[in-house]
Amino acid sequence: MRAWTALLCAIALEVTGTLSLKVMTSGPAGPGLELILTYALLAGSYVLLSRAFRQIPVAVAFAVWEAAGLILITGLGALILGEHLTPTQLASLTALSLGAALLHHGTRHTPRPATPPAADPPRPAPALRQEPA
């Protein structure tokens, strides 16, 4: 469960960092301290994503992180920033959601063994036959 919490927090940091970059750099002053904040948020997102990779398969964690991030950034861009969404973009977001869900549900949930399986005991080396001289 901690892995999924880390993944959700990684998504939140990614979305916040990306949207803050758009909002803060659109002023007359241009980029500056805003970039440092954005880099810190995105770096935190990657740190938490790497923690999620410890228990969630890479294909699933990355797909959920990327799809959820894109969907949230696009949706919030439309709601907060007034960006326009076309029907094609909406269909793409739906396909992203479906793809991430299929990857998640298509992954086997077999727990990893705590220790590697024991190896077969070593076999004695065959005795060398000595030829009479």
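Numbering starts at 1 and runs along the chain as it is shown here.
Placement of Cβ uses the backbone N, Cα and C atoms for every residue, glycine included.
Positions annotated as compositional bias 'Pro residues' by TrEMBL: 113-125.
The region 'Disordered' annotation in TrEMBL covers 106-133.
Among the features that TrEMBL reports, transmembrane segment is placed at 30-49 (among others). With a cut-off of 8 Å between Cβ atoms, the residues of this chain six or more beyond the transmembrane segment (30-49) that come close are 6-7, 9-11, 13-14, 16-18, 20-21, 24, 61-62, 65.
Sequence-distant neighbours of the transmembrane segment (56-80) (same chain, 6+ residues past either end, Cβ-Cβ under 8 Å): 3-4, 7, 10-11, 14-15, 18-19, 22, 49, 89, 93, 96-97, 99-100, 103-104, 107. According to TrEMBL, the feature transmembrane segment maps to 56-80 (among others).
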